[in-house]
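Engineer: Checked TrEMBL, it gives:
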type: COMPBIAS; residues: 10-21; note: compositional bias 'Basic and acidic residues'
type: COMPBIAS; residues: 23-44; note: compositional bias 'Pro residues'
type: DOMAIN; residues: 463-600; note: domain 'Peptidase S54 rhomboid'
type: REGION; residues: 1-48; note: region 'Disordered'
type: REGION; residues: 104-127; note: region 'Disordered'
type: TRANSMEM; residues: 468-492; note: transmembrane segment
type: TRANSMEM; residues: 504-522; note: transmembrane segment
type: TRANSMEM; residues: 534-553; note: transmembrane segment
type: TRANSMEM; residues: 560-579; note: transmembrane segment
type: TRANSMEM; residues: 585-607; note: transmembrane segment
type: TRANSMEM; residues: 614-637; note: transmembrane segment
Amino acid sequence: MYGASGAAPREARGRGRERPDVLPAPAPADTGPAPPLPPLPPPGKDSVARLTLTGLSYVVTAVTRRSRQSTSVQWSRSFRGSVPPQVDDDIDDVFFAPVSMTSPINQHHHDEADIADGPKGGRSPVVSGVEYRRPERSVSWGAGAVCGAGGARIHTPMLEPLADNSNRRQFGMGIVGRFFRRSLRKSVTHQEEIAQQLDELTDYRPYFTWWVSTVQTLVLLLSLLCYGFGPVGFGRHTHTGQVMVKSLSLQQVEWEEPASFWLGPRAADLIHLGAKFAPCMRRDARIARAIAASARRERDTACCIRNDDSGCVQSSKADCSIRGLVAKNTISTWKKWSSGESGPGGRISGSVCGLDPKFCEAPRSIAPHEWPDDITKWPICRKSVVDGSSPTGRAGHAAEHMACEVIAHPCCIGVHGQCVITTSEHCDFIKGYFHEEASLCSQVSCLDDVCGMLPFMRRRRPDQLYRAWTSLFVHAGLLHLAATLAIQWLFMRDLEKMAGPVRIAVVYLGSGVAGNMASAIFEPYRAEVGPAGSHFGLLACLIVEVIGAWPLLKHPKRALMKLVGLAVALFLLGLLPWIDNFAHVFGFVFGFLLSYALLPFITFGPYERRRKIILVWVCLISALGMLCSLIALFYAAPAYECSVCAYFTCLPFAPDMCASQDVRVRQLDGV
């Protein structure tokens, strides 16, 4: 088959390095011996520069070929149709084609074969006395993959469904457009410039919708697992029971808390989980005045010691003995320091049950850190004395307030920082926070217990501004979460396919935060949860899309009015408890500004594009100014008293449906 000279093998080896993809076919019987060729220089390794240039030229060729194949594009799909392009076979086609097993060429001569491409559909020319023939292709997918020596091209009908993008989200349509039976003007969409812009719109995956829906579901499930379900209803729920109070007697106690029809946790638990609640976000003047008034009343209290040595409790003089008795000291003795009978260091403020600067080692009352003559400023004693100077009891009449058993401690109840001195059993019954380590209400910060989450940086100075963001992931119950998931799965997921996760995340979070800030300004004492402002921001996205696709739609005014009707329906839904219409309105306005600046748009001329760029900057600056103004108003001028604002966000369809979310405690028997 080869000539007598040794030049032919060298030539075959030299050319085999360039294109080793096609094997030589057997020469016909009538072919004569090949003429000898001039000797070639011994083969050597290609340089690094040559290999680099070869690789770059291949990449440029591949990219050029791919861009040339995608010049003809339909506006409703981002790839060619089912008819494959007619492109001449190249090296890759030959490489992936199966090799015929009937070829008589030995595997030993595979690396020494010369390569030549003949005309398409014909026989290859004769080079060096050897005739080459292109291997026949297998018709069925995968043929020759097992028994052959090479791979096989994947069948086109199997690849096309994977790359099918013809059902992607169309600009101006979407789920809402199909639901409201919108139609496009073909005379506009078929214009070359418009069709090219529509085709260049990217089709995204709704990653943010999946993420935020998963987080909201997990937060509600964990909250129900930790706190359980609260009372269900439209008004207030009443709890009644007999508990041991600080008078050491069983009394009938009744307390009320707001009910919820959303099938979720209690109001206090939602605040603990991160609901929007203004007293936890900044210092509230009304609550601060109430705490100061409670401290003034506590300054006039003293230790009330039971005469039968059954215990003692911190109380006022009026509450020390049972009301109605002529002799006040019949059952209890109220031990109050005065100028005639002063306490340690001549103090006249006190005494305090279980607390005395003379019997406390940590923190010790020594100069310059001496305890003041004001019991409301005394710290919690972390370590009491245990030596001979300890109290001796009532028999020795030494420090009676330290020898008695303290039966009541501070208990934080409600959501407005209220504190009472009561027993542990009573505190647990009314769902309060019991502080056994403290002796006075002035030693505890009830807002820390009510708010939870991260501690305040300064004591009694709420600073949880991040609640405007965390409340977007908290829901009032299962029904509330179901409504949220339905809106996000239908509308938000559809919008994200067109706009992308980043744009939708900015609109969703920005609208929600702006809406919650407005709600905290006008309704500071109502805890609100859920992404109400975010959903109205998404509704603003739909309206902005209709405005942007106005020339494309056949009936744009009708499409806009339908979306406005949907906004009104959702606004009426905001009249229910736990859903805030202030968040709806401000979330819609903020979402409209962000949507106009961030959503993809179609231009209908160079002037339209310049005007759109100017509007984008105007909307971004307006949105930033609106957010800064809301934050400034929240700290500088909150609306503490606004009777009309309450009806704007909640209408009392049932008695006590929009009542205060605080608890009410009543003792049906006398103290």
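A Cβ is built for glycine as well, from the same backbone N, Cα and C atoms used for every other residue.
Curation does not apply to TrEMBL; its annotations are automatic.
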Engineer: Per DSSP, what is the helix/strand/coil residue tally across the domain 'Peptidase S54 rhomboid' (463-600)?
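Structural biologist: Tallying H, G and I as helix, E and B as strand, the rest coil: 107 helix, 2 strand, 29 coil.
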Engineer: So if I exclude everything within five residues of the ends of the transmembrane segment (504-522), which remaining residues of that chain have a CB under 8 angstroms from its CBs? That is, six or more out.
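Structural biologist: Result: 206, 208-209, 212, 276, 278, 281, 467-469, 471-472, 492, 495-496, 528, 531-534, 536-538, 540-541, 580, 582-591, 594-595, 598, 623, 626-627, 630-631, 633-634, 638-639, 642, 645, 648-649.
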Engineer: Please identify the stretch among 468-492, 534-553, 614-637 with the greatest number of Cβ pairs below 8 Å relative to the transmembrane segment (560-579).
Structural biologist: 534-553
Engineer: List, by number or range, the same-chain residues at least 6 past the transmembrane segment (614-637) whose CB is under 8 A from its CB atoms?
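Structural biologist: For the transmembrane segment (614-637), the far contacts come to 278, 281-282, 510, 513-514, 517-518, 520-521, 586, 589-590, 593-594, 596-597.
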Engineer: Need one number: mean pLDDT over the domain 'Peptidase S54 rhomboid' (463-600).
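Structural biologist: Averaged over the domain 'Peptidase S54 rhomboid' (463-600), the predicted model reaches a pLDDT of 91.
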